[in-house]
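Peer 1: Below are the features I grabbed from TrEMBL:
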BINDING   C422, C425, C462, C465  Zn(2+) 1 binding site
BINDING   C431, C434, C449, C452  Zn(2+) 2 binding site
DOMAIN    17-105  domain 'Primosomal protein N' 3' DNA-binding'
DOMAIN    431-455  domain 'PriA DNA helicase Cys-rich region (CRR)'
DOMAIN    606-697  domain 'Primosomal protein N C-terminal'
Amino acid sequence: MVRVSKVVLFDTYIPEKDFLYYSIPEEFTESADIGKAVVVPLKKSRKLGYIWDIEEIEDPEFEVYPILSILENIPPLSKPLVRLVNWISEYYANSLYKTANYIFPSGVELEVLRYLKARATVVEMSKKQEKIFLALIDNEMEEKSLKKSLKVSESVIKALLKKGAIEERFEIKLIEKKPRKHVYLSEKSGDSWGSFTIDKKILDLMKKPILLFIESRDERWKTYFEIMKHFYQRGKSILFVFPTVKSLIQFGDFLSQCVPFSIYFYHSFLTEAQSYSVFKVATTEQAVVLSTSKGLFLPFKDLGVIIVDQEENEFYNMREKEPRYDSVVVALKRGELEGIPVVLGSSSPSIVSFYRTIYREMELYRKPLFYRPQITVIDLRKDKTQEILDFYSLRKIEENLRNRRKVFILLNRLGYSPYIQCQDCGYIFMCPHCKSSLVYHLEEKIMKCHYCGFEMLPPQRCPVCEGYSFVYGGIGTEKLYRYLVNLYDRAKVLRIDSEVELQDETIIYGADIVVGTRLIEPWLDDEKIGLLIIYNLDNFLHIPDFASPEKTFNMIKRIIGIYKGREIIIRTYNPSHYVVRALKINSFGNFLNRELLNRKSLNYPPFSRIHQILLEDIDEKEILDEGGRIVSKIKEEFKDLAILGPAPYFPYFVRDKYRYQIIIKDNENLINSDFLKKVCEENRSPFSNLKFIINIDMREIIT
């Protein structure tokens, strides 16, 4: 029997292999353990990895190389964290390697020093070998120095090692990149804690995961602070998770005024050296870390509680690349494995989380908002002026400007015009690689595809009828911005969207009118704001996604939770929609009841689990053929499952590839990722280029 370890390599991807086997030498028998950092050989190099499992193998059929060194100066990963990564990999059909590498710290390089020394032996040697042997008698030398001074190759050294004439010894040196700037928000500025009054029963409820339904963001933050204080004073570390870097920084600004210690940030905008610095602090000291979803993979010395803010936010649905997962579910799973409480905070909780409180799977603490802005609904069906803004909105903008109060306008459309259409034949200019309309940008005088980046100059003539009259249809942030600049020439108008690079964010505070996409959300807590206009609620509400009503309702409620202004204007063509009615009377209950009825009738979460198989290929027929075989096989195994597709997945043609999806509604927990992975692989043709992605437990899905 050979005792071997499964080692997951750090930052070294080997296709189709999540881990490699390495034997455990006798000198490491006592120290080798799951979670330990090790140095292992790989071809002609040496790599850093972690022991992921240890097992006994009888007569391995492949060559197993030994571990070279165990790195005691890198803190080991805890067993619960290793189990969490295994669970994420299995449950969400992720690569174990890619999931585990979310843990491993960047900002560290490994230098392996190899020392050579002669042994007391008599063997036949060539002249070059003898030269090396004599140099190493009673004189241990580092490999690079030896090669440089004697001008010898690796092959000569290998020959001597094989003959037993010399022996080798390894020393491992970690080269840590030092961050130029500290990564914490603020150094210790005093010796006293801030203090806020919270309901003490919250701490009693934390024996289970708890949903804090607190509508005011400020009140929610104060509650988080008191929970943090409770655990920190007992020697525990605390992890805060936020959906965006901006919301994380805003909470950090609040927290830094209330605590007598340093606070650490952890997110994707840090340099490698800064990331490693936070990793090192979290694994060796008591720490308070404010992070995006990435922090859920961070090892901690003694984690006491996980607090997830805005648990309803769709940014927690991490599906763009591996590892794919739902951050809220992962937070709850980590809490379960670590045996620690998890706090989910929200101004308007997700349907699934609130439903879990009804069945006591989670505890609920609720605190309503006492101050609410006036909500005015504009019925756009009655506006016959065809102007960019209706009369009431214009009057309110002027009124706020006179009173020196700011106006923010939320519009979920980029560019000047979402499309350009020939006025003679109706032809719309499309991206040749994506079959989606090209967005016109007036400032750059160019048409862009926002999926693949394709660009072209505005048309002179229609390619179909050779007409030269064009309609610049729809309204984007750029068109609305120019309209307001022309209308209010004395006001400072600012545009904020992904196309605008702000060199200095403080200019936002000097603007009179701000137009933008959802990127404006974090600035809506400015006390000088008097008016917010949701330019067209239907742009959010009528996306073909079963979760669109929930996401729209939650977005507005989230805004209300931070908004200090007096009025919110909602412009819509559907003022009788139940989302609009619930917002107007500020009733989460009304919205919840209607949404649950809709979802139950259509068998959507929380009454089922939704799984998705994405299929992508340059050959549309191949997708339909192979997708059809996958559906048939699933139905063969589970006859009662509701399966939709394969059907086009919007946008269904991107970067010269067709995209289809298979949607599975599973209300009896019959399906798991292993089964879906097996079905997809077994029903794919041997020479197929079909790419498939499995998404388990979707909280949103475009149909």
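Every residue gets a Cβ built from N, Cα and C, even glycine.
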Peer 1: Go through the binding-site residues C422, C425, C462 and tell me which ones have a CA within 10 A of the CA of C449 (Zn(2+) 2 binding site).
Peer 2: none
Peer 1: Between the binding-site residues C431, C434, C452, which lies closest to C465 (Zn(2+) 1 binding site), Cα to Cα?
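Peer 2: Given the candidates C431, C434, C452, the nearest one is C431.
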Peer 1: To see if you understand the setup: which same-chain residues, six or more apart in sequence, place their Cβ under 8 Å from that of C452 (Zn(2+) 2 binding site)?
Peer 2: C431, H433, C434, V654, R655
Peer 1: Going along the chain, which residues six or more apart from C425 (Zn(2+) 1 binding site) have their CB under 8 A from its CB?
Peer 2: C462, V464, C465, G467
Peer 1: Give the number of CB atoms, excluding that of C431 (Zn(2+) 2 binding site) itself, located within 10 Å of its CB.
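Peer 2: Summing over all protein chains shown, C431 (Zn(2+) 2 binding site) has 24 other Cβ atoms within 10 Å.
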Peer 1: With an 8 Å cut-off on Cβ distance to the C422, C425, C462, C465 Cβ center, who else from the chain surrounds the Zn(2+) 1 site?
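Peer 2: Checked against the 8 Å cutoff, the neighbours are Q423, D424, G426, Y427, P463, V464, E466, G467.
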Peer 1: Check the DSSP secondary structure of C422 (Zn(2+) 1 binding site), expressed as helix, strand or coil.
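Peer 2: Once the DSSP labels are grouped into three classes, C422 (Zn(2+) 1 binding site) ends up as strand.
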Peer 1: Can you count helix, strand and coil residues in the domain 'Primosomal protein N C-terminal' (606-697) using DSSP?
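Peer 2: Helix/strand/coil tally for the domain 'Primosomal protein N C-terminal' (606-697): 28 helix, 37 strand, 27 coil.
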Peer 1: Same chain, not part of C431, C434, C449, C452: whose C-beta falls within 8 angstroms of the C-beta centre of the Zn(2+) 2 site? Give them in sequence order.
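Peer 2: Once C431, C434, C449, C452 are set aside, the remaining close residues are P432, H433, K435, S436, L438, H450, Y451, G453, F454, V654, R655.
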Peer 1: Across the domain 'PriA DNA helicase Cys-rich region (CRR)' (431-455), what does the mean pLDDT come to, as a whole number?
Peer 2: 93
